[in-house]
Every structure is written in C-alpha cells, then in structure tokens.
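Reviewing the structure listed below.
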Amino acid sequence: MGDATAFSSMDEFCGSTFWDANETWWTTDPDFTPCFEQTVLVWAPCAFFWLFMLFDFWYLKASLDKNIPWNRLNISKLLINVGLLVVTALDLIMSFVKKGGDSELPLYGVDIWTPIIKLLTFLMVLMFIPLNRKYGVQTSGCQFMFWFLLTIFSIPRCRTEARLHQERGQIIGSQQAEPHDFTWETYQFASFFIFFAFTCLMLILNCFADQLPRQTKYYRGPKEIPELSASFLSRITYSWFDRMALKGYRNPLEEKDLWDLRPQDSCKEVMPTFAHYWNKNVRKNYKRASGGQEPKAQFSNGKVSFENPQSNGRKKGMASIMPPIYRSFGGIFLFGSFFKLITDILTFAQPQVLSLIIGYVEDFAKVPQPEWKGIMYSILLFVLASAQTFILAQYFHRMFIVGLRIRTALINCIYRKALRISNAARKASTVGEIVNLMAVDAQRFMDLTTYLNMLWSAPLQIALALYFLWQQLGPSVLAGLAVMIIMIPLNGFIASRIKTYQIRQMKYKDERVKLMNEVLSGIKVLKLYAWEPSFEKQVLDIRDKEIATLRATAYLNASTSFLWSCAPFLVSLVTFATYVLIDENNVLDAKKTFVSLSLFNILRFPLTMLPMLITNLVQTQVSVQRINKFLNSEELDPNNVQHDASKPHPMSIENGHFSWGDEDEMTLKNINMQVPKNNLVAIVGTVGSGKSSVIQALLGEMEKISGTVNTVGKMAYVPQQAWIQNATVRDNILFGKPYDRKRYNKVIDACALRTDIEILSAGDLTEVGEKGINLSGGQKQRISLARAVYHNADLYLLDDPLSAVDSHVGKHIFEEVIGPKGMLAKKTRVLVTHGITFLPQTDKIYVMKMGEISENGTYAELLKNRGAFADFLMQHLQEGEEEEEELNQIKRQLSQTDPALVAPFEKAILLARTESLSDSISVTSADSLMGGSLRRRGKRQDSYDSNASAASLKKKQEVEGKLIETEKSQTGGVDFAVYKHYIKSVGIFLSVATLVLNFVFQAFQIGSNLWLTQWSNDKAVEHDTGLRNMYLGVYGAFGFGQGILSVVKFVVPTIGGLRAAQLLHAFLLHRVAAAPLKFFDTTPVGRIISRFSKDIDTLDHLLPSLILSFVWLLFEVLATIVVISISTPIFLAVIVPIGFIYYFAQRFYVATSRQLMRLESVSRSPIYSHFGETVTGVSTIRAYTVQDRFIEESDNKVDKNQVCKYPSLIANRWLAVRLEMVGNLIILFASLFAVLGGQTNPGLVGLSVSYALQVTQTLNWLVRMSSDIETNIVSVERIKEYGETKQEAAWELEEDKKKPKNWPEDGRVEFKDFQVRYREGLELVLRGVSFNISGGQKVGIVGRTGAGKSSLTLALFRIIESAGGKILIDGIDIATMGLHMLRSRLTIIPQDPVLFSGSLRSNLDPFEVKTDDEIWKALELSHLKAFAKSLTAGLNHEISEGGENLSVGQRQLVCLARALLRKTKVLVLDEATAAVDLETDDLIQKTIRSEFRECTVLTIAHRLNTILDSDKVIVLDKGQITEFDAPSALLADPKSAFFSMAKDANLV
C-alpha cells in the first residue's frame, strides 16, 4: 500500500499518472509516463550533482595552481549555461502565464518545482565556471557525470515529445470540426528541444580540459605529464598515455622521453605533510620535560625538519610511523577504498543479471518475453562490467599513488635520520642493514597498499557471495563453504613446507655462486693445472642438490595447484550434491546452476587472497618495527659543541671527558686544549692514544660526558680514512661550492694533484667509482685535503692527512698547504701527525698518551722536558721509516735544541739500519733488474716516480679502456631462435605433452560444464532419482579427471623447465670452463657470475611458472571462445576484430612496459648507493654542515626514480582498461547473440555468459604473462650467447691414447722458430725463438719487463696458441695433443699463490687420486708438515676463500707441495715478484734443488742470485733470444747483457 500512496501523491503532483507498469514493463513498446520523465529523470542527475559537488570544492581547495585565462572553451560553457538558465526561467514564467488562474489548464506542482530545481542546479554549475578558472582546476568529473546523466535521462522524453508532436500534427491535419489550442504543448516541445541541444553541447564541451593556468606553484614545462591537463574522460580511459605507448612501440624509450613527475607526488609536496604529522606524533609520545610551547613543524625555505624523539624529555613509548602515515595519506586511501566498495557491489550485480538472461531464454520456449528486454539485459551486463573496469582502474591507480608516496616519505625520513644518528646507534647495525631499511622495508609498503583493502573487501565479498548462494541453494551452501575452509589450513601447511625448501635452495645457490666466483677468480691456475673437470664436478654436485630441492618444491606446488584448481569444482560438486540429495523436491535448473557457478567463481579470488594478505601483513609488521627502531634511535646531541664567540680562542676544550656512546667507557679524560687564532697545533702520540678522538670531540661526534667544547667559525675536516663520493674528481673537491678556476688550480697544485689528474682518462672530470675504487690511497687522501682547502673555512681539523702519501709529496703538501707559508697559514689548524720532521714548524704540540694529554708546549720546550715526547721520537726512529735526508734534518734540529739527545738518537738509528738491511738487499736486486740501481726506497713506494710512470700508465689505460668489452643491453624483442633453444632444452616430448595435457584438461572442464547444462535442462530428473544419481556420478567423475590432470599438467612443464635449467647450466658451465684465458681477461668476473646467479635463477623459478600460466591461460581463453561459439555460432564473426584490438594493445604494452621496467631498475640503485655513501661519510657531511645539500640530492634521486616508476604503473592501468573493455565486448556479444539468436537452451546460454564473465581477467593476465616471458627469456638468450663463445682446443683427443703412458720421460724441451701473440690483431710477443734444452737441465730465463718471459711459459702450456713454429717435448709436437694431456704432464709453481676454499687436501689433490702418505710426504718436503700436524682437522683443515686464513708464505709453500705431488719431468718456476720473506724463499729453493734433481727446470728469474747456479741462462729481449749459454761463460764476458745485469745487482 505504501507504494500506492506514494504513487498517488506523485500523481496529484503531476496531474497525471506517475508510474504505469503496463505501459513501461509489460509491453512490446516500452515507454515512461510523461510525469516520470519530468520528475525522476530530471531530479536524479541534479541530486547526483548536489551530492558529489563536495569533491569539486575539495579539488578547488587542493589545487596548486591559479588563474586559467579566458578562452573559447570556458566562454562557450558560460554562454550555453546562461542559455540554459534563460530557457529554464522561461519555462517557469510560461507555466504561470499559460496555466492556472483563468486558463483552462490547471497548474501542477511539477510545473513549478522541476524548473526551480533545474535553475538552482544550473546556477551552481555556472558558479563553478569562474571558480574553476580562478583556482586553476582544468576539468571536473562531477560536472561531466552530471551532463552525461542529464543527456542520457532526457532521451526517453525526446521520444515522447516527438511522438506527441506527430500526433498533434495528425489531429490538426484531420478534418475534425472542433479546433484545439495546442500553444502550451507546442511551447513545451520547442523549449525542451532547445534545452536538450544545449545539454548535449555542454556534454561535448565537458569532454575537453581547460587551458593551462597562468600561475603555477611548480614550473610546468613542455615535458609535463599530460595527466595534469587531461580531461576527465581522458583520465578515466587513460588515453593521455597513448602518446607514450606509441612512442615506446616505435623505438625503445629512453630517459629523455619520460615526463616530469606530478608535483603532488614529489618529495617537496609529500614531505612537509608527513613531517608535520610525525612531529605531532613524537610530541605526543614524549612528554615535554619543560612546559614550553609546542614548536610547529618548520618549513623554512622548503626544508623539512623532523623532530628528534630523544630530546623531548621523558620517554613514553616508541614513536611509530603508522599514525603519521594514516594521517598523511589516509584521505586518498579512503577515497580509493570507496571505489573498491562500489566495484565489489557491481561484481555481485552481474550474476543477478545473468539469472535474468537465463530466465528470458527459459521463457522463450513457453511464453516469449518481448525482445527489448533481452537486449536491455545484455546492455545492462555490459554497462555493469564497463563501470567496474573504469572504477577498478581508478582504485588501483589511487592505491599505487598512496604506495609511492609512503615510500617517498619513508625513504626521506630514513635518510634525514641517518644524517643525525649518533655514532653508538650507527655502530649497532651495519651500513648494509641501514640501506636495507630503505631498499626492502620501505618497498614492502608499496607492495602492500594495493592489497590492504582486501582486509575488509575479502570478508565482504565472501559474505555477499554466501548470501546470494543461500538464496539460490539454501543451507546446502554450507557444505561447499566447509570444503573451502578446510582448504585454507591445508594450503598454509604446504606453504610452510615450501618455505623450508626455498631456504635450503637459497643456501645451495649461495654455495654454488661462491664456488663459481672462486673458480673464475683462479681460472688461470685451473687451466695451468688442468683441474677444470674437478671443479666442474664440484659445481655440478651442488647444482644437483639444488635441482633436487627445486623438484621437491615443484611437487608441493603441484599439490597447491591441485587444491586450487579443484577447489571451485569440489565446492560446486559438494554443494550441488548436497542440494539434490537433501530433499527430493530440490531440482537443479539452469538458472540455479549457472548463477551459483558464477558466484563460486567470485568466491575463488578472496579466498586465495586472504592467506597471501596475511603473510604480507606479517612481513610489513616486521618492517614497521625495524623502521621504528631506527627512527627512534639516539641522535647526536647538538649541544656537544657550543659556539660562544666571547671565548678568547676559536677552538677550545675545557676539562673534557668523552666517550663513544658507552657511558662506562671513557675514551678521553681531562682534556684541556686551546687553539689560538691562526695557529698550527699538532697532536702526536703512539697508535691508539686517542689523537683522532680529540678531533672527533671538536667536531661534536663524541658523547660529551662533562666539560665544554667551543668552536667559532666555519669548519673543514680531513678524515684519516678519506671519504670519496661516487662523482667526478672535480665534484669531490668542489663539494657543492661554486667553481672558481683560479682558486681551484691553486688548490690542485698545492695538494700535488696535478700529475694524478693528468694521468686520469678524462682529467678531473673522471668519474670516481664507489668508495673511490679506482684511486690509490694517496690520491684519495690528497683529494680529501684539496676539498678542505677549497672550502675556505676558518677552522681546519686535519686527521693525519699525510699518512698515505710519500715523504717527498708529504713535504710538498706541508710546505704548500699546512705549514707557516702554505695556503692555510692564516687559518686556525689542528694537525694529527706521525711525521716528526714537520713538528719544529708548529706553534704548539700536544702529546697524547692513553686518552689523556701527557704534556704540551713548543718543540723546544718538549725536548727539554725529556718526557713522553722524547720517548715518542725514539720509538718512531726505531721503526726506521725515515729517509736519509730526513734523518740528517732531525739530527740538525736536535743539535740546535738539545745536543745531549744526539748520542741516543744515533744509537736508535743504527738499530733501525741493521734491521732493515736484509730487506734492502732483496729490494735492491729487484730494482737493479729494472735497469740501473735506484736509490734505496723505504717501505712507502706508493707513487714515488709518478711522473715517469704517468706516461706509461696513460698508454696502458687506453688499452685497458678497450679491454673490457661493454655488456650488450637487450632492447627490442627476442629472436625466435632463443625460444627454440629453450624448447629443445625442455625436450620436445615434454613440450608437446604440456600442450596436450592442457588441451585435455580444458576438454574435461568444458565437458563437466556441458554435462551440468544437460542435467539442468533435463526435465525428467524431477521424478527419477536414478537418473539424478547418474548425472551426479558422471559430474563427479569429470571432476576427478580434472583433479588428476591438474596435477599432471602442473608437474610436466615444471619438470621440463627444471630439466632445461639443469642442461643449460651444465652447458654454460662447461663452455665457460673451456673458454680460452683471453675470454676471462676481456670479461669482468661480475658479469659472468650474474649469468650463473641471476639468469640461472630465472630459469629455475620464473620461467617454468610463467610458461605454465601462459599455456593454461591461453587454453582458458580458447575454451571460452569455443563454449560461446557452441551456444551461439555467430559469435565467431566478432572474434576476429576483437582479436585484432587485443593484439595491438598487447604489442604496444609489451614494448613500452619492458623498457620502462628497465629504466626504473636503473634509476633505483642510485638512491641506495647514495644512501650507503652518506652513511659512511656522515661525519664529514656533518663537519662541513652540508646536510641540506645531501638531503636535496637524495630527494632528487627519489624523484627521478618516481619519474620512471609512475609511467610503468600507468602502463599497467592503460592496458587493463583496454583489455577489460575487449573482455566486456565479448560479454556484450555473447549475451546479445544468446538473446537475439532465438537460443532455446537456457543451460548453454548460462554457460556461455558465465564463461564470458570470467574472460576479462584471463585476457588481462595473458598479456601480463606473455610480456613477463619476453622479459625473462632474455636469460636464456644471455646463457646462449656465453655458450657460443670461442672455445680453446679440445681437452682430450683420441690420439692421446697412442702416446707413451709416462710421457715426457726425458724432459727434452725444444723451441723451433717459435712465434706467438696474445690476441688477434696484436703484435708478436715472441718473434721466432729457437733453443734446445736437454733433459734434466736447469735453465734460468731473464730479461726486462715485457721481454716475453711469461709468454714463453704460457706458450709451453698452450694458454696462448702459437702463431708460427712449434714446441717439442721429448720430440712430440705439443700442438698435436689434447690440452689436458699436455697440462697434466707439466708442473708450474705460479707467481701468486692461488688457493681455493675447501679442505687442505682438496687444494693439493682435487681429483683425489693420491694416498694420504704421499700427501704427508709432499707436505714434509715443503716444510708444511709441522703446521699441518698442529691443525685439529689435519688434511681436512678448511681453507677459507682465497686462502685468507694462511699467511702468504704458507700459501706459497702449499703451491710447492702441489708441484711435489705431481712431480712431472718438466717444472716451470715463475718466481714470485712480491718477495716472499727470505726464509720461505730459501726453503723453496733448497727443496727444488734436492727434489727436482732429475727434472728439467725452467726458472723465470726476477733476482739473479737464484739462477747463478743453473746450467744455462736464456736472456730475452723484445721477444728474441739475445744470449743462451752457461752463466759462468756469460759472466766472463764483460760485454754481455747478463754481465751488466749482474753488475747492477752488485753480484760481480
């Protein structure tokens, strides 16, 4: 009755019927009543506008820009709007004139109220035009929707008015007597059509966006992102992204093609909001000790300050990042959640419409419903699906923006904190851990935001689905639900098992990569010893374990896949079975069946998501805790240092006690120190006496326990360990100051950097690697000093800046920079130093001892005291590091100040002399070989004759520059050959099996669904339980088949993928091991390792699962098309154009997205490396107070990363909207054809439409998968590329077997006119060398560097192949045998001892062919037995990577033991250039003389005394033999080159 009363009151309001079901619904010609058209259809759009107008006001408030100029667009809008107002006002006036009062037409409420509502609404819209213009809002969604709805809702009235007009024409035309007065109707007709035309025009105008505003907060340049000025329509469809997609499709995108960041997402906009809430939160958590007023978050010139949680009084609890995140980004997030809610509701509307369509088809056979209803249902389904598409895209877009902003806020927050964290807190975690906070934990948030709404959305979806299912099937739903709930813990259990396997697999992978790393680093030794097969086997053994683990994981994954693919089926089977078995009267008809099926499909998603969401939440929770801990850690107290200008001296410490953050441990006690203006004060003392700590105390880096520290003026600081940024040399020196050429050049000369800069390939614009990797220690130190000098500060703290430079450079720097005549003479300086020569020139010296100042005064005063300072001098001299002239200088200084000290001084020097004499012998002989005896150099030979070596270095660099080949970065698509290669590796059988299995699986699925159709259409079932049970049984059987197949179809390709991974890895490993040595010279180890780690990992994990999903989805789509075509064959006609659209969207997307991902990953690493750099150099940054500049740099890097990240997120949305629209078209056509084609089988229609409803997601994923496959198949391409490298000669040859078993027996070595070059295109290094060595002779080979000595041995082992001539050993040409045969019969003791991690035993005998006794014997002869016996594990003692846990001498002896074990007839001895300590050297020489008596020994000598007793000497020069004779004969001839060498070495 309520409806009727409402309707009747509306009838009175209109003066005609408001709703007539017979006219609107139960008819073949539907129409609304005029009253309905003039009320509801007008009021609804207006109500929509008034409701959503709030958003428009919010946009006005939030807009960053102002003042859009007047232009055609907004003027036209204004005029048309005014026109509409005029028309509406006229309507109102006319109704008063024409109706009511005297006229026979009565005046109704509708005639007054509808115009008034329209008037107010249009006035409101009119008001927004100048407002939007003033506040720079270029487009309004609310208004667009209003005009859109108004236009659509006016269409029914158009039809009505047109019909009435026609009727009036007929009446007037007919010859009837009574005349009609149609003026009011005619007026209404005219006014309505004018109104309608204006509305359509407004809709069209609202499709475009306004011009750019004149005043903008941020610069909006030509590269601005089109989104900012895109219209509402373009934003919904993402058509503003088309340009980028097209560009990316034509040629690979580069960084310059990308747009600028949206200002709202930049650090400048995100940070202040976040900081404001963070500071509020900190204040809430830490009660103020003092009752001072609250400070606001300061925004001084765009800088953001975060409050320190520590400083504000008592601690109440940790300040967490969560509340500020909610407050700062909650708004957008909630807006997005609102979208999610709408889409969830729309999802459930679809099955309802489906049931209407099935009903329509069912009735078609009995009493057909009018055709328009069927068409309306189809269109309704399409509209729902499309609305869902657009809204979902907006939802994801919002979520990604929130994620990006949270990440930005966290990264910046962590960065700012890192600059202020105290040293104690910093030591609590490694740099890597701190960087991980940024790289891993902040990233987690971004991944989580999209899922977070599932927390309420999943339960909502499940509840709604169950509610609708209950309506269809009643309580039997619970049975199906039970099945789903049982699945969840099962899955959880399997997931935890998978995790343990994954951890195990990671362990094996790390082991394997570590071993590979060693193999590649020591590849030269492996080749010389022919040990490759042993190590190859070791790697493959680990790999087998890894594959086994992966296989186990695959089986577990198959079981989850089984559970999930069967879940929907099992659920429907259990539910339907329960339903028909509970009660005889329950009958499955088409409607129930297919509506339930589509509801079950909806249920699948939230149920899968929940477990994933929960694990994600747990991980994020851990991240939150880690970030909170870091953000709440101690900060440096800014009050450690005062800046009181009234104190007499610019730097002073009074009664200072300091510690490194641990309260109990005091590092410095009772420090009193004054540094007068413009003085140079030195701090000296033994190692660890606290010199550097004093400097840190002055900087405020140490915790001050008591006392005061005061500094006045700008600081510059040179740390002991130079901190160099990854930037150019010039940037490192300028350090943010403007470039002043004159000053810069002066600084460079003073710091002795001129020659170094000339050597560098690009001068001072050379990029310095991370941590200054391509500079020597001395260069780094000097750059660090140059930075300080250039900075032109008032106070200089120099922490031993001369430690890493040579004495003569040190002297130059002291005179030019630090000393009384240097560039800093007018500054206040504190110098920590070990160089005692400079001390007389300082104004005052402080001597440190055990963390206290033991004495201070000038040089002369301290010497008189004979206290700690004199001891320090003596101790220093005994270390014997000073040069001759320095000693004399010190002597002179002493005799002037305190002659009594000279005697003990000379004694100390003598002591030092005798100790270093033994060194000097070995060093001299090495020097003299290099041509001419150079003056004896001390231990610091760093950049001694840097000028001489500069030229040669430059040459070398040019060659080296070309040595490393650049890595090929893939752009564009991938060759088909690569796919072929992969399929071959998988195996043809398995590949075909995968396709067949998927085909059969889909066949079963379609079969089971068609069977359901048959069942639901069969009316006989109602009375026949036997028939019903038969249907149920077959349906169950289909399901069972599906389950079995789903496991097999998962296992087969996965096993195939693993097989491919195993084969490809073995192939790669073998080809790399058999590559010639020059391959390793031109390819960096890191690059080869990344093939073995990253690319193999892709093959193990990603590719199999991607291909699996791809094939499955492909068949799913095909199945959909097949099912729809079975029910409506005409559908095939539409599939072709749709296919084309789909293909193009996919091609555009793949090309663009792939390149965007690459750019994004390239731009991400600088953020982290810059952060790591900051953390290590934080004390320098603080000393120079350049924190703000570094914060800005970090912000810029984050913004740059967002610039690449944002488009790739949009690309996903762009694709999703396009593909889902394609899917929606499929839905439209499937349902339309089903309705129009006169289809009488309701089951088939239900089936085809429910399949169509699913296809949208499937299509979307199919493209994602295909693009992922393309991105990841590159790994196969890379492995293939390395597998095709040029190989060295065969390791084993058939002929080898015919050669004598114990060849070489005599050890005769003969070179015949032998020539060799390193690589094609380089000149010969040996040019026709001929000589003959009979068995058992000892031969020394000498010659200058580059004469070809090493080439001789490399040629003997065929590491480099001959370019002419041949080498015979025992008369057999070595070029005719397999490499392993040759190399295993020769022995070499190489220059640098290379050991591998593993047991001592495996280092001596990797093939495990020798007995323990043999090994112990070898150890005894090589003087290692005592050492080996002392080890608990004996021969199984683990040697660490590179033999780190043995001394260099021991490593050399291990190499000797290797040689003794092999004991072949020919031994090559490549003498160690790095002089091993003399003892070891003597041991080696003795052993070789005694043990290798019968062998032929070739010694490459660097020191002549080792070869004076050999049988023959070969003197090489420029690749040719100049002398070949016994050493005694050569020494007898004063003209021989050998004689002059011996003379240089003081041997004759």
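For all residues, glycine too, the Cβ spot is worked out from N, Cα and C.
TrEMBL labels come from automatic prediction, so no person has curated them.
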Original post:
Of the ranges 324-342, 343-361, 894-912, 1065-1083, which one does TrEMBL list as transmembrane segment?
Top reply: 324-342
Subject >> Sequence-remote partners of the transmembrane segment (594-618) [C-beta within less than 8 Å, at least six residues beyond its ends] >> reply: 347-348, 350-352, 354-355, 358, 447-448, 451, 454-455, 457-459, 461-462, 465, 468-469, 472-473, 480, 484, 487-488, 491-492, 495, 564, 567-568, 571-572, 575-576, 1009, 1012, 1016, 1243, 1246-1247, 1249-1250, 1253-1254
Subject >> Surrounding residues of the transmembrane segment (78-97) on its own chain - C-beta under 8 Å, 6+ positions past either end >> reply: 107, 111-112, 115-116, 118-119, 122-123, 125-126, 129, 184, 187, 191, 194-195, 198-199, 201-202, 205
Original post:
Out of 136-155, 189-209, 561-582, which stretch has the largest tally of CB pairs under 8 angstroms to the transmembrane segment (476-498)?
Top reply: 561-582
Original post:
How about the transmembrane segment (189-209) and the transmembrane segment (136-155): do they have 3 or more C-beta pairs under 8 A, pairs 6 or more apart in sequence?
Top reply: yes
